[in-house]
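Since the structure comes first, as structure tokens, the remarks are kept for the end.
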Amino acid sequence: MISSDELKKQAALAALEKVEDGMKLGLGSGSTANHFIRGLGARVRDGLSVVGVPSSERTATLARAEGIPLSTLEDLPRLDLTIDGADELDSRLRLIKGGGGALLREKIVAAASGQMIVIADGSKLVETLGAFPLPVEVNHFGIGATTAAIADAALRLEMPVTLTRRLAAHGSAFVTDGGNAIIDASFGRIRDPEALSLALAAIPGVVEHGLFIGLASAAVIARPEGISWLVA
Ligand SMILES: O=C[C@H](O)[C@H](O)[C@H](O)COP(=O)(O)O
């Protein structure tokens, strides 16, 4: 029996083969992206020349420990390729991300990249997005009003919704790298991710949400039977 962590590693290593010398890379966040970063570190130590822009403080720490040269979007506003995990993806390469709270920087990094490859074990590929609650990053100011506005948007879209403010492991409010809060929004099956994306983005107080639409160019999915690629 292959563990889901082993499958994540297989997906990460398959994507690593797409990395070429000289590339400017966006480095994703999460356990699957960590496998990629460790694999990339090994290749850098073997002489590969790349520079990475990390999408979270945790990723930056791991990438530094792996000896991967790092930069920022201020110095490198255009990247060649981002490799990142996802909490869910569908066959049209629409994603839910942000389970680890890194969605804002991940989306900025992905949008600055010519290509984004999603790496995932087979359990992440779903027919309809929404079993995984959608992370919505919100400013602390007016969080009650912002939460009510998210509920109103769901009502207008005729979607049920349960909103939960994310807590950190020790019970205090979760705070993102950008200093914001996360509201996890369970909408049930998201039949129209584009409409939901637009509705959430229009709410003052919503800094970003975890629907990534039109950003991924390919996904590598690892299942016990083998690796498969989805291409946009
Ligand atoms: O904020 C976290 C990121 O969006 C992750 O890429 C996502 O949660 C997937 O994480 P994992 O690879 O650990 O399943």
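Even glycines carry a Cβ here, placed using N, Cα and C.
Residues or ranges marked as substrate binding site by TrEMBL: Ser29, Gly30, Ser31, Thr32, Asp84, Gly85, Ala86, Asp87, Lys97, Gly98, Gly99, Gly100, Lys124. In sequence order, Gly26, Leu27, Gly28, Ser29, Gly30, Thr32, Ala33, Ser55, Lys97, Glu106, Val109, Ala110, Met116, Ile117, Val118, Ile119 are the residues of the chain that are 6 or more apart from Asp84 (substrate binding site) and have a CB within less than 8 Å of its CB.
The feature active site, proton acceptor is assigned by TrEMBL to Glu106. Within 10 Å of the Cβ of Glu106 (active site, proton acceptor) there are 32 other Cβ atoms, across all protein chains.
Ser29, Gly99 are the binding-site residues among Ser29, Gly99, Lys124 whose C-beta comes within less than 6 Å of an atom of ligand 1, given in sequence order.
Just so you know, the Cβ of Lys97 (substrate binding site) picks up 30 other Cβ atoms within 10 Å once every protein chain is counted. Sparsest Cβ environment among the binding-site residues Ser29, Ser31 (other Cβ atoms counted within 10 Å): Ser31. Taking the Cβ of Ala86 (substrate binding site) as reference, residues of its chain lying under 8 Å away and at least six apart in sequence are, in sequence order, Leu95, Ile96, Lys97, Val118, Ala120, Lys124, Phe212, Ala216, Ala219.
Neighbouring residues of the recorded substrate site, listed in sequence order and excluding Ser29, Gly30, Ser31, Thr32, Asp84, Gly85, Ala86, Asp87, Lys97, Gly98, Gly99, Gly100, Lys124, comprise Gly28, Ala33, Ala102, Glu106 (Cβ within 8 Å of the Cβ centroid). In the three-state DSSP scheme, Asp84 (substrate binding site) is classed as strand.
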